[in-house]
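Database features, via TrEMBL:
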type	residues	note
TRANSMEM	A:20-41	transmembrane segment
TRANSMEM	A:53-71	transmembrane segment
TRANSMEM	A:91-115	transmembrane segment
TRANSMEM	A:127-150	transmembrane segment
TRANSMEM	A:187-207	transmembrane segment
TRANSMEM	A:228-247	transmembrane segment
TRANSMEM	A:350-371	transmembrane segment
TRANSMEM	A:383-405	transmembrane segment
Amino acid sequence: MDVLDLARWQFAITTVYHFIFVPLTIGLGPIVAIMQTAWVITKKDRWLKLTKFFGKLFLINFAIGVVTGIVQEFQFGMTWSAYSRFVGDVFGAPLAMEALAAFFVESTFLGLWIFGWDKLNKKLHLAMIWLVAISTNLSAFFILAANSWMQHPVGTTYNPETGRAEMTSIGDVLGNSTLWAAFPHTVTASFLTAGTVVTAIATWWMVRLARTKKADDLEKARNVYRPAVRLGVLVMVVAGAGVIYSGDVQGQLMFQQQPMKMASAEALCEPSPNGAAFSILSIGDLNNDCEGVTRLISIPGATSFLADRSFTAPIKSVPELQAEYEQKFGDTDADGHPIDYSPNLALTYWSFRLMIGWAAFSLALAVFAFWATRKGRVSDSLWLSRLGLVSLATPFLACSFGWIFTEAGRQPWVVAPNPTGLDDVRLLTARGVSDISPGSCSPR
Amino acid sequence: MIAFTVVYGVLAVVWYRLMHRYTIEGAPDEVHDDSPEARSDDDADRPLSFAY
C-alpha cells in the first residue's frame, strides 16, 4: 500500500465515521427546538419532557461529532499538503466561516441553552436552541460550499506561477449551483435521519409501555411518546419528499457537470444512443471494469430520464468518456503512468443503490408508525417496535453510502474539472497527497 | 493508523454506551419549569447572598 492509498483510506475512514454524528446533529437540533417551542406555546409538560429527553441525546451526539471532526483539519495539512496548497486560497474563506458558525456561534449558544434553564426567561432560552439549530445548518452550508467547489469549481482562476487555484469571487463560490443542490439534499437527509431516530426511539418506548397494560404506563405512552412518534413521522415525510426532490435536481446537475460520475452510477459501459436503462438488480464482481456487471432487472430509459428528463436521451458510456478525457487532459500523468479517468465502478454502482435502498427503511417505518398511531391510538405491536430498532441504523447507512458515492464517483480527481469553462482548475487525487513516504514525516 | 483506529473505536464505545444509557432511561416522569418567571415572587423575603 503506497502513501496515496494510506492517505485515502485514512481520510475515508475519518470522514465516514464523522458523518455518522453529523446528520443526527443537524436534524435533531431543530426537532428539539420544535419540541421546546411546543412547550412554551402550549405549556404542556409532555413537550418539556421530550425536550429534556431528546436534548440529552442531541448533546451526546454533538460532543462526539465535534471530536471526530477536528481530526480532519489536521489531515489536510499532514497527508494532503499538496491538495491544501492548491485549494488553500479558495477553501480558507468557507472553512473560516464554518469554524465561526460551528465553534463560536453554535457552541456559545449551546452552552447558554444547557446552563440557562433557570437563568434565562422562557422565550430567551428558547431562542438559544433555535440559534444552535440555525448555526448547525449554517456550518453545514459552508463546509458544503468547499466540497461543492471540489465537485464543480467556480469563482476561481488557476495561477500557473504559484500552481494554485485562486479565488476571484466568493459570491460565485457561495452561489455554486452544485452547492444549492447539495445543501438541501444533505439537510433534508439529516432531517430524515433525525426524524427516524425520534420515531424509532419513541415507538420503542410507546410499545414497551403499552405492553405492560398498567394505567400509568399507558397514560405515559399516550401522552408523551405517541406525540413524539407523530412529530417524528411528520418530519420524516416532509424531509423524505425533500430528499427525493433535491436528489433528482442533483442527478440532473451531475449529468451536466460530472458525466463520468453519472455513467459510473449505472456502470454504463456500452453506448446508449437511444437512452440508458436503470438497473435494479445486477450481479458482478468488484473489479473496476466493464465486464463485471450483468444486469438482471432494468427499467428502460430510466437513467436517461433521471439525467435529462427524456427516456431516449443518449448518455455517454465510461469508455467513451475515458477516450474524451484522454484527448482533453492527456493519457499519462507527470510520471508517465497511464491515467484511468473512471472511478471504481463497483463502488459507485453499489453505493448509489445502497443509498436509496437503506433510505427506504425510513419510509417503511413512517408508514407503519403513522398507521399504528392513527386516531389517537397507542400501538403495542412488537413488529412496529422491531422495525423501529432496525430503522435506527438505516438512515445513517444511507447517508454514508451517499457520500461514498459522491466522493468515490469524483475520482481520479480531487478537484474535478468544470466542463463549462474552468478546465485549468483541476487536480488529480494522486497529485494532492503529501510528498512523503509511509512511516516518515518529512518530504522525500 | 492502528492507534488512530483504536481511538475511534473507543469513541464509538463511549458514544454507544451513553446513547444506550440515556435512551433506556427515557423521558423524565416529572419535570419542573425552572425559568425565572415561573419561580415564586418572594425574593424580597430571601436573605441576601452577597452584601457589601
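A Cβ is built for glycine as well, from the same backbone N, Cα and C atoms used for every other residue.
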Same chain only, please: residues at least 6 beyond the ends of the transmembrane segment (A:127-150) with a C-beta under 8 Å from a C-beta of the stretch. Say none if there are none.
22, 25-26, 29-30, 32-33, 36-37, 55, 87, 90-91, 94-95, 97-98, 101-102, 105-106, 109-110, 112-113, 116, 120, 156, 173-174, 176, 178-179, 182-183, 186-187, 190, 410, 414-416
Any contact, the transmembrane segment (A:20-41) to the transmembrane segment (A:350-371), with at least 3 Cβ pairs under 8 A
no
Counting only residues at least 6 beyond its ends, the same-chain positions whose CB falls under 8 A of a CB in the transmembrane segment (A:53-71) are 14, 17-18, 21-22, 24-25, 28-29, 31-32, 35-36, 102, 110, 114, 129, 197-198, 201, 228
For the transmembrane segment (A:228-247), distant same-chain residues with Cβ under 8 A (at least six beyond the ends)
27, 31, 34-35, 50, 54, 181, 184-185, 187-189, 191-192, 194-203, 206, 359, 362-363, 365-366, 369-370, 373
